[in-house]
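J.: Once you've had a glance at the structure underneath, I'll fire off some questions.
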Amino acid sequence: MSQTDIQSDIQKTILKQQKAEDRRKLMLNGILLVLLLLAPFVMYPVFLMKILCFALFAVAFNLLFGFTGLLSFGHAAFLATGGYTTGYLLSNFSGLTTEMGIIAGTLVAAVLGLGFALLSIRRQGIYFAMVTLALAQLVFFFFVQSPFTGGEDGLHGVPRGELFGLINLEDNLNMYYFVLVVFLACYLLVQRIVSSPYGHVLKAIKQNEPRAVSLGYKVDRYKVLAFVISATLAGLAGSMKSVVFQLASLNDAHWHMSGEVILMTLVGGVGTLLGPVLGATLVVNIEYQLGQGPLRDWVDPILGAIFVLTVLSFRSGIVGEVQKFVRKNMG
Amino acid sequence: MSDQYVLETRSLVKEFKGFVAVDDVNLQIQKGHIHALIGPNGAGKTTVFNLLTKFLIPTRGQILFKGEDITPMKSAAIARKGMVRSFQISAVFPHMTALENIRVALQSFEGSSFSFWKSGASLNRLNKRAMELLDSVGLTEFANTMTVELAYGRKRALELATTLAMEPEILLLDEPTQGMGTEDVDRVVELVRKAAEGRTVLMVEHNLSVVSKLCDRITVLAQGSVLTEGDYEAVSADPRVREVYMGTGSSGERGAVTAEEAAQ
């Protein structure tokens, strides 16, 4: 066989593998879709929506942390900004339909994300995390002090309204399927981004930044874009959350929330697509179940212990460990 | 005036707090040459390298690429102009396949690197060129292997292929044979020779036998400044060079010894 034959042979193998990978993705997406479509018939829709909103938040965070290598410790700011903006607009301007309120909240979070990114992107590692944390604290104090947020009480009674002026979202099932559509669209978008030409550059930057620079990439710009996309999706999660619960509260802006999304992502599997979804599901469930029982006051220490356990003994998270296991045992 | 020089530095100085690492260095790299930068540990070779590629900012002085002053430019911009560097520690993307490593370089010149909405399959059109480049360094059969699993010598070969994918006019190699066994060294020498066809190469190198085999011109650095410059015969005969390498100017003809050996 000549050298060119070998080359084209290998190329064919690679294409075949890509196809198989695509099929596998499609299958997983299908399973996820069926599960989520049927879920509200088994579980309480509002609880499921809570999970979906946090899952989207974690997916957004993971785009930055898992796929770009930037640990933001200020993502609560975007969740809260989305939530407050949407909550305020829908409460005060009855002419707005729900989706317009959500889009507005998302856009404001995107702009805030751009601001954060421009101020923090040149810092590396822990300094980057610290700058994002500091900025998020500023946003927190802004929300505490501003009259329109209701301060410590939060913003209550946000009307769910009607989607496109047509579909009544007061109905929990309608609301659920709306949240589901948005969540799936964002999930697929992130899936697409990660494997896109842009995603390959992000991967390169994460794995060896100086080398990416020496190959002619202006890495800061790529990072800023990743940050803005991540902040936008986090804002969208917050916007939807405020509609679902008809409430925007300071909890969402607290640094505790920035920590929680890190926990969700790490437990589920950082740098995997399903990981943050699974992580969010688990954490929300644990908080809820424990909150009901006698261990009510022990929620935080227990989550803390899980965090420590994850970091010490299974760093790739649940999905990451499963992937490793599959790879090892199935070729 | 400086047509024949691809790369030039004029009175290049780099000071770190209270310490002059590079002191008034004037380099002239002639087009088509393989030019070596040698010198004992701490002579400032890597610092010069980082200055040339903008990983460090010079305190004073000028850097000219094809007669154009590139002193204020940034690393990424210089890479796009055709001046691409390698690193001392093997610089690859460990959790990508060899083929994907090359594609990242090829992609750099495509307009699609910000296209986050495009499918990954759109990169497959780069596969053919990437395979050719892999083939040129003898890595065809490893195209689909994760880079982290490649042997050290192969990683360096991959790095070189990635660098070549940028179609650089001048190649800056930072110790391409560092930490390699004899067999790998020979292979890299061949690779560099092949890569240098139609290009200019500037390399930092410790291994003097590599330098003697490859290089047209040699600049010796010591304590941050240029000690001497010339071809291998001239430089190796210079008593000052022996002194900085061996501590004495005495011993006889020792053509191809490595600097490490010599330092012992």
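Every residue gets a Cβ built from N, Cα and C, even glycine.
Nobody curates TrEMBL annotations by hand; they come from automatic prediction.
Okay, so TrEMBL annotates it like this:
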type	residues	note
TRANSMEM	A:26-47	transmembrane segment
TRANSMEM	A:54-80	transmembrane segment
TRANSMEM	A:100-119	transmembrane segment
TRANSMEM	A:126-144	transmembrane segment
TRANSMEM	A:173-190	transmembrane segment
TRANSMEM	A:224-249	transmembrane segment
TRANSMEM	A:261-286	transmembrane segment
J.: Please tell me whether the transmembrane segment (A:126-144) and the transmembrane segment (A:54-80) touch - that is, whether there are at least 3 C-beta pairs under 8 Å between them, with each pair 6 or more apart in sequence.
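T.: Contact between the transmembrane segment (A:126-144) and the transmembrane segment (A:54-80): present.
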J.: Short question: which residues 6 or more past the ends of the transmembrane segment (A:261-286) have a Cβ under 8 Å from it?
T.: 28, 32, 47, 50-51, 54-55, 57-59, 61-62, 65-67, 71, 73, 75-76, 79, 187, 190-191, 194, 299, 302-303, 306-307, 310-311, 316-323
J.: Can you name the far-off residues of the same chain, 6+ from the ends of the transmembrane segment (A:173-190), with a Cβ under 8 Å from a Cβ of it?
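T.: Contacts of the transmembrane segment (A:173-190) (Cβ under 8 Å, skipping residues fewer than 6 from its ends): 29, 32-33, 36-37, 40, 45, 48-49, 52-53, 55-56, 59-60, 62-63, 160, 163, 167, 233, 236, 240, 243-244, 273, 277.
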J.: Give the nonlocal contacts of the transmembrane segment (A:26-47) in its own chain as ranges (CB under 8 Å, at least six residues past its ends).
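T.: Sequence-distant neighbours of the transmembrane segment (A:26-47): 172-173, 175-176, 180, 183-184, 187-188, 191, 244-245, 274, 277, 284, 288.
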